[in-house]
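Student: Once you've had a glance at the structure underneath, I'll fire off some questions.
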Amino acid sequence: MAKPLTDGERRKQISVRGLAGLGDVAEVRKSFNRHLHFTLVKDRNVATRRDYYLALAHTVRDHLVGRWIRTQQRYYERDPKRIYYLSLEFYMGRTLQNTMVNLGLQNACDEAIYQLGLDLEELEEIEEDAGLGNGGLGRLAACFLDSMATLGLAAYGYGIRYEFGIFNQKIVNGWQVEEADDWLRYGNPWEKARPEYMLPVHFYGRVEHSPEGVRWLDTQVVLAMPYDTPVPGYKNDTVNTMRLWSAKAPNDFKLHDFNVGGYIEAVLDRNLAENISRVLYPNDNFFEGKELRLKQEYFVVAATLQDIIRRFKSSKFGCRDPVRTSFETFPDKVAIQLNDTHPALAIPELMRILVDVEKVDWDKAWEITKKTCAYTNHTVLPEALERWPVSMFEKLLPRHLDIIYAINQRHLDHVAALFPGDVDRLRRMSVIEEGDCKRINMAHLCVIGSHAVNGVARIHSEIVRQSVFKDFYELEPEKFQNKTNGITPRRWLLLCNPGLAETIVERIGEGFLTDLSQLKKLLPLVGDEALIRDVAQVKQENKVKFSAFLEKQYGVKVNPSSMFDVHVKRIHEYKRQLLNCLHVVTLYNRIKKDPTQAFVPRTVMIGGKAAPGYHMAKKIIKLVTSIGNIVNHDPIVGDRLKVIFLENYRVSLAEKVIPAADLSQQISTAGTEASGTGNMKFMLNGALTIGTMDGANVEMAEEAGAENLFIFGLRVEDVEALDRKGYNAHEYYDRLPELRQAVDQINGGFFSPREPDCFKDVVNMLLNHDRFKVFADYEAYVACQARVDQLYRNPKEWTKKVIRNIACSGKFSSDRTITEYAHDIWGAEPPALQTPPPSLPRD
């Protein structure tokens, strides 16, 4: 009888190293047909378009798994410091094309699919966006995952596998209507369920103090089931993991609560536990304070920390037994980055595990926690800051409330010792806010419990230091940093704008795709006639393509020779879509007043979602669609001005509209947009920016030269001065006839003849309580737009500025951002050693 295999031999038998890569066209075809038959159980007679998409997805996924396993093996062998990026949002978009691009498979797949009589682009369109985010925060997390994999960092994204992502937006009679985003309806070929790593998460219960320590008892348990999605780096054979948790009820859930007859009710009530991962809260920059949301925040943190500690304790290859019992080295092996305050409970939860479970003494546990955690602040808007009622914690997380009180007491003792007698400072710096309803300030908890706190653009980090966390900065100035946001050039150039990428590669090679600073090599070519021609031609092709898409999707005809003026982002008062509306109405009035004048034709596109409960944002959408209805059907205006609301703006739509844009609108009130990343995407794709000195616009102007952007409006210090003086919108309304005309038309029902009073509340807000000072910037904005028109009339000079902007956008790669995080915050340098491809032997 054959001798039984050793563990090592058995592992070699199922190793992926022996599998040949499927890079060539014939292999892709073969694999595609195999999946169509054996995975999907279809033949070409009955297969649907979705079957073809799934067959291709599985074919491409086959290329990932070897690298994925190999990457994880290598991490277990080398035991590098792990980076854990905790976020309640990951706005990933589609996966198929990104995976083909990062693995260098796109050409082979394109040819194979063509030979099979199918169209690759058509199949790509079938994939649902993974819309597990609201906007910038979630998309940043997705770009960061791409960069961490491309840099070879041992990084993991941890979040929630929402059954329903950000709602689908329909426009009905000009109003936003929300539809559920059932993105998992047809299954998700990119994820792998990992039931063997399912973990319990506790809620409610009571706290018992005894000589042996503290116990949290009589809790309700919900299980967290992990689903893993591969995150491939760009052509480096590294594949990292995004692990998303899904809530499952335990098998005995509620059964003991019922008498003999209650079995069916108990099974039906399992839904209550599983609701935790049901839906993404659709609020952007707004705190609502719902108990289910707090449950989501604790759920992801509790499951993730158990997973992190399991991996820390058994972090050598092939070993599931605990090998580390001491937590001394925990901060040397683990970095936890908190993406905003949503995962703030990681701080008290790590303390609970260390003190209650692992029996580490408090001071040591606190030192470990602080060295491990770091916090990124994403907003300065007061309504966005998370402040949870103490009463909710008392009920839901009683042990964590105790721990937060203890953290706060020690913190305040420290402050009192440094600033004796300064009672107001203690009040300002406390984690607990006193008042009618006692609240926990999660941002304060994050600052106290982290070794590093960063803002996301230089101007924002300055506001964080001087205003939002001024007292904390005075206490620990060395803790505060800036890390200007970035975007991945793989998705936001190579994937979405292959024509422009190719034009650049022809001039400077392809090194810029992993070192975006190399775009500087284009600077000497700014005046090169051939480059000017090629860049302009690519832009025109993108505009023609997007025009065809608009006609097909929305039945809207636009003139691709007009200026594409694009304003796409979440609908929010601070982002000032209303300022754009006032300019559009002003242009309309000018055309009507003198139709014989030479106007630069414009297609104004505005897109974005409004939070379902945000009345003013929904009114803004209605206003845009109403203005469009009048302007677009006015025969005197004709082709010179069109206003289009881009329905259901999402990652996959951004990938189409951004490469086609001529003008990028980034017009938030100075001091309100933390960074913005859409601004960077437009810059990289050859649009010029009209914007205020806010967020990353400031650094874009610094990189490219302010004369190569259209900068207008109040600066932060002007806004502050206006606040001190008192902002009076009526001054501008009375002084500026064009503004007054536009406002009166909106107020009087000119754009809403069937509902003349529709926009009275909008105008009332603008005149009497506009926090974001739309009228104060109107005059400068309209004048700046005239400069835009003037330059657009000179295509060559316009394109020169475009090339200069592209050449100066290198700073805004998320690779640069992540390299800075790794060096300055995580203490984990990107490795020089790449992961060998799965077909090479391990060293």
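Keep in mind that glycine also has a Cβ here, set from the backbone N, Cα and C atoms.
Feature list, courtesy of Swiss-Prot:
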BINDING   Asp43, Tyr197, Arg310  AMP binding site
BINDING   Lys569  pyridoxal 5'-phosphate binding site
MOD_RES   Ala2  N-acetylalanine
MOD_RES   Ser15  phosphoserine
MOD_RES   Tyr197  phosphotyrosine
MOD_RES   Tyr473  phosphotyrosine
MOD_RES   Lys681  N6-(pyridoxal phosphate)lysine
SITE      Tyr76  site 'Participates in a stacking interaction with the adenine ring of AMP'
SITE      Cys109  site 'Involved in the association of subunits'
SITE      Cys143  site 'Involved in the association of subunits'
SITE      Tyr156  site 'May be involved in allosteric control'
Student: Could you state the CA-to-CA distance between the residue listed as 'N6-(pyridoxal phosphate)lysine' and Tyr473 (phosphotyrosine) to the nearest Å?
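Tutor: Each residue's Cα considered, the residue listed as 'N6-(pyridoxal phosphate)lysine' and Tyr473 (phosphotyrosine) end up 32 Å apart.
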Student: Measure from the Cα of Tyr197 (AMP binding site) to the Cα of every one of the recorded positions Tyr76, Cys143, Tyr473, Lys569, then give the nearest.
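Tutor: Spatially nearest to Tyr197 (AMP binding site) by Cα position is Tyr76.
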Student: Could you measure the widest C-alpha to C-alpha distance across Asp43, Tyr197, Arg310, the residues recorded as binding AMP, and give it to a whole number of angstrom?
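Tutor: Binding-site diameter by Cα atoms for AMP: 44 Å.
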Student: List the residues of the same chain that sit at least 6 positions away from Cys109 (site 'Involved in the association of subunits') in sequence and have their Cβ under 8 Å from its Cβ, in sequence order, or write 'none'.
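Tutor: Once residues fewer than 6 apart are set aside, Cys109 (site 'Involved in the association of subunits') is near Val28, Leu56, Thr59, Val60, Met100, Leu120.
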Student: When DSSP is mapped onto helix/strand/coil, what comes out for Cys109 (site 'Involved in the association of subunits')?
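Tutor: DSSP assigns Cys109 (site 'Involved in the association of subunits') to helix.
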Student: Round to the nearest Å and give the CA-to-CA distance linking Tyr473 (phosphotyrosine) with Cys143 (site 'Involved in the association of subunits').
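Tutor: Answer for this pair: 29 Å between alpha carbons.
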Student: Out of the binding-site residues Asp43, Arg310, Lys569, give me the one sitting nearest to Tyr156 (site 'May be involved in allosteric control') by CA distance.
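Tutor: That would be Arg310, the closest of Asp43, Arg310, Lys569 to Tyr156 (site 'May be involved in allosteric control').
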Student: Given Cys143 (site 'Involved in the association of subunits') and Lys569 (pyridoxal 5'-phosphate binding site), what distance in Å do their CA atoms have, once rounded to a whole number?
Tutor: 17
Student: Pick out which of the recorded positions Arg310, Lys569, Lys681 has the most other Cβ atoms within 10 Å of its own Cβ.
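Tutor: In terms of Cβ crowding, the pick is Lys681.
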Student: Run through the Cβ atoms and count how many others sit within 10 Å of the one on Tyr197 (AMP binding site).
Tutor: 16
Student: Whole-number Å only: compute the distance from the Cα of Lys569 (pyridoxal 5'-phosphate binding site) to the Cα of Asp43 (AMP binding site).
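Tutor: Between the Cα atoms of Lys569 (pyridoxal 5'-phosphate binding site) and Asp43 (AMP binding site), the distance comes to 43 Å.
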Student: What's the CA to CA span in angstrom from Tyr76 (site 'Participates in a stacking interaction with the adenine ring of AMP') over to Asp43 (AMP binding site)?
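Tutor: About 41 Å separate the Cα atoms of these two residues.
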Student: In sequence order, which residues at least six apart in the same chain have a CB under 8 Å from the CB of Asp43 (AMP binding site)?
Tutor: Leu36, His37
Student: Please work out which residue of Tyr76, Tyr156 has the most C-beta neighbours within 10 angstroms of its C-beta, and give that one of the recorded sites.
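Tutor: Selected residue: Tyr156.
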Student: DSSP three-state call for Tyr156 (site 'May be involved in allosteric control'): helix, strand or coil?
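Tutor: The residue in question, Tyr156 (site 'May be involved in allosteric control'), is strand (DSSP, three-state).
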